[in-house]
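Novice: Okay, here's the structure, questions in a sec.
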Amino acid sequence: MSAVTTTDRRPRLDGVVPLTALGPGDTGTISYVDPDLDHSVQHRLRLLGFCEGREIAYVRRAFWAGPIVFRVCDVHMCLRAEQAAMIHVRTGA
Amino acid sequence: MSSALSHHAHAGSADSGGGSPRIALIGSPNGGKTSVFNRLTGLHAKTGNYPGVTVSRSAGVARIGGAEYSIEDLPGTYSLSPISPDERLVAELLDGGVKGIGAPDGLLVVADSTALRRSLLLFAEVVQRHMPTALVLTMSDELTRRGGSIDTEALGRALGVPVVTVVANRGIGIGELRELITGWRDWSVPPVDPPTDTAELAGWVDSVLAAGGYEDPRADARTERIDRVLLHPVLGTVIFFAVMFGFFQAIFTWAAPLQDGVEDFFGWLAGLAAEHIGNPLLSSFVSDGLLGGVGGVLVFVPQIVMMYFILALLDAVGYMSRAAFLMDRLMSRFGLEGRAFVAVLSSFACAIPGVMATRTLPNSRDRIATMLGVPLATCSARLPVYILLVGILIPDGTRVGPFSGRGVAMFLLYLLGGVSALTASAVVKRITGRHDGVLPFYMEMPPYRIPTPRSVGIAMWEPTKAFLRKAGTIILATTIAIWALTTIPLRGDAELAAAGVDPGDEVAVTAYTMEHSAAAAIGKAIEPVFEPLGFDWRIDVALLGSLAAREVSVSTLGQMASALDPEDDSEVAQGLDGWTYTDGPRAGEKVFTPATTVALLLFFAFALQCMSTVAIMRRETGGWRWPSIAFGYMFVLAWVMAFLGRAVTLLIT
Amino acid sequence: MRAIRDHLRRVSRPADARPGRRPPGAVTHPERTDDPAVLRWVVHGTELPFTGPLASAPGLDGLLGGDLEAVTVTPGAVLTTAAPGRSWRELGPRVRAALGTALGSVADWLPGPGARRLDADETLRWCARELIDGPVGRIATAHGGAIELVDAHDGVVRVRMHGACRGCPAAVVTMTQRLEAQLRRRVPDVRAVEQA
């Protein structure tokens, strides 16, 4: 029912993947934060806006495999790849 | 709205009747909290440290309706659950106070209204403490511009706490905020604690925002457009370097005329003092010690002000996080993070702002590592020394390809400074690395915002004031100390004549006085330490002088070389050229051989001579441990590098 | 008529996948009422089946008659009355959990005596009345005036101003706009608020 502007490109991924699997133009819904992570770190990531159920979009990545910028909860947050890999999202239409 | 607080969990000082009510501002960084704080406290704010930690503290007083309120601007945070020792301190403060600082009476959460869906998560944590709480929404003009909206009153009902909306940088809504603060006793918390499970909590946030008529703002189109250029892999990097280049241009080239002006002014004043003060000791004290010291501090000021202005402007606009984003990969190779680059960058002007800039780093290990590395960057105080020594080492007119030999040497010294600063930080980080809390790296990229001149002014003035206060007093004190060591006792005419010095010849008198002063005695005493490097006791006296400020060593060398004008490098160089060792195994040999010059250059490159830097380090780390370690390791490093440099030069020449 | 309503629905609820918005489920939060024993749990994302006392619902059954003296359903909110001596600070989380369960299966709710489903006009009137008796009316009183509900029919609400608000064009515009904005959050189909 949502009037999502469909891009011409089909989503390449479906299912639950780490954030690092997202590329330019991809969006997803946060599924879970790696439970093996230190609890305080998990909590912090959530309070930054990376909560289960929130929509997240890939924005850009720094040159030479640097940090990645995501848009979530109306803000742009950047994470290093190591942290981004700990957050898992559900992608696909 | 009736307060649903059944009890105040922790009675602040105001409740027990002593002192003004303490209001703490809590909110995320980039959320407009600082603007709110500035609006409430005007310029009556003090910056310092929390006891025992390197966390900076901002507190001030708001005068509203005849009463005083103590406003504490807590460090920007996304959560009250600490993941680092610094954050733990803030949590302790809220719990029941920290030694010397009482717990707050009221908590004012400052939230960016364009990021409300995220900011309410922090709000939910704050209200769990059951203290009188209220909410301030900032950036409401931006919210409207980006197609969002909020019904402040409805939100207040939904949350169960008073809510006001402000546009802090334009002063809109501040009157309401001030009124809100006077009614702090009526602040409240939601009737039921928000859920702790994050999925449920997100639901609570969504429900509250729906009831509050919140429309999420669209992504900021302007920011997107600008970022497409500024963060473009190629173009963005080019622009970054252009900005860096502009930064250096500003602080060196543009500030130079102002610096010359300051120097000329103080030179003129010193001349006046020498003319009009009869007593020779007092005259010397005023012109060389006092004015020399004050002038020595103030000559920095144009550069420091220029630097802080640019940094404040870039930060207020929002470019700093972009720069840190671009630099993070490089910085992480040295064990640091993107935000550390500001500290390294500032240190190319002066290590003191560099050390102070480490406050922005959330990880205390990063702060220590950066602090211990940045004094190695080629600061502007090293420049006069480099210029003199490079002038001695490399004859004028030498060319390396299309570039001047001296220019290449200076560039290499700058490169050396930068690389060694980063490497030292990396090493310190590795060594102190045993038990690291797994601090994740994250950074918000705020939308680009047009800053007000007032906020940039405050952001620029505060650190400049701190610099003047801290560095100023130290430099002045040490300059006077060095003056005393090199000038006292003044020699009487008879004594001078007996030693074969013409009492009327000022230059000769100065040289003689210096060579027989207390400083000279010290220089001779420490000579054995520097002997393997090829320094003679006169160079050691100059090194002693460098403890006040590095460029003092240049003037000291100049005075001992009997130069008419110690500022004229070529004249000084000529004088130094004639020096020969007065005693010891090399007696009679020339002092300033290429080997010695290289050794001296490298010694200056690596040694931490600047006492003000040591003093600032002490203040930032809260103790003498780290400054002593810094001083010690850099001394050893400088000695070793100078020795190696000398050895290598001897081999090649 | 339906076409107009559908159009209004689309206009008033911009449907886009803005990052941050989770897919609609039932979400709720509690608000204070004038009675300290009563909490108003505002519900979004699910339409409530009737208006009036609740006899039974999954999850809430464990609390009804014990910790909760009564539960009343209204358009867009559930009112819970705590039994004497209970504190909301302690009881609240349990009620939230129970309500969450209940909202998951709204079809299984059993109405109490006098409870029934309201039609569109009745819902509109109820919500308008709630706002006029509550926050919107309070603002009018604060300015020395009053607002009176005249009629609510087919998406249009008619009100009459009194006191200081009457005759002041600014007051009329502000009050009607305010009422309309707040009303639309509860009843998306509202078309206009007019002066009678």
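Cβ coordinates come from backbone N, Cα and C, glycine included.
As the structure is a computational prediction, the values presented were derived from the model and not from experiment.
So TrEMBL has the following annotated:
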{"type": "COMPBIAS", "residues": "B:1-14", "note": "compositional bias 'Low complexity'"}
{"type": "DOMAIN", "residues": "B:20-187", "note": "domain 'FeoB-type G'"}
{"type": "REGION", "residues": "B:1-25", "note": "region 'Disordered'"}
{"type": "TRANSMEM", "residues": "B:229-253", "note": "transmembrane segment"}
{"type": "TRANSMEM", "residues": "B:294-320", "note": "transmembrane segment"}
{"type": "TRANSMEM", "residues": "B:340-357", "note": "transmembrane segment"}
{"type": "TRANSMEM", "residues": "B:369-395", "note": "transmembrane segment"}
{"type": "TRANSMEM", "residues": "B:407-428", "note": "transmembrane segment"}
{"type": "TRANSMEM", "residues": "B:598-617", "note": "transmembrane segment"}
{"type": "TRANSMEM", "residues": "B:629-652", "note": "transmembrane segment"}
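A description of the local structural setting of each listed feature is requested, covering burial, neighbours and distances.
Specialist: Within the chain carrying the transmembrane segment (B:294-320), a Cβ under 8 angstroms from the stretch's Cβ atoms is held by residues 30, 223, 230, 243, 247, 250-252, 254-255, 258-259, 262-263, 265-267, 269-270, 339, 342, 346, 349-350, 353, 357, 380, 445-451, 455-456, 459-460, 463-464, 467-468, 471-472, 475-476, 479, 548-549, 551-552, all 6 or more beyond its ends.
Within the chain carrying the transmembrane segment (B:407-428), a Cβ under 8 angstroms from the stretch's Cβ atoms is held by residues 333-336, 340, 344, 347-348, 368-370, 372-379, 382, 386-387, 390, 393-394, 400, 601, 605-606, all 6 or more beyond its ends.
For the transmembrane segment (B:629-652), the residues of the chain that approach it from at least six positions outside its boundaries are 371-372, 375-376, 532-534, 594-596, 598-608, 614, 617, judged by C-beta separation under 8 angstroms.
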Novice: By a Cβ-Cβ criterion of under 8 Å, what residues six or more beyond either terminus of the transmembrane segment (B:229-253) are in contact with it?
Specialist: 303, 306-307, 310, 314, 319, 322-323, 325-326, 345, 348-349, 380
Novice: For the domain 'FeoB-type G' (B:20-187), what's the mean pLDDT in this predicted model?
Specialist: 90
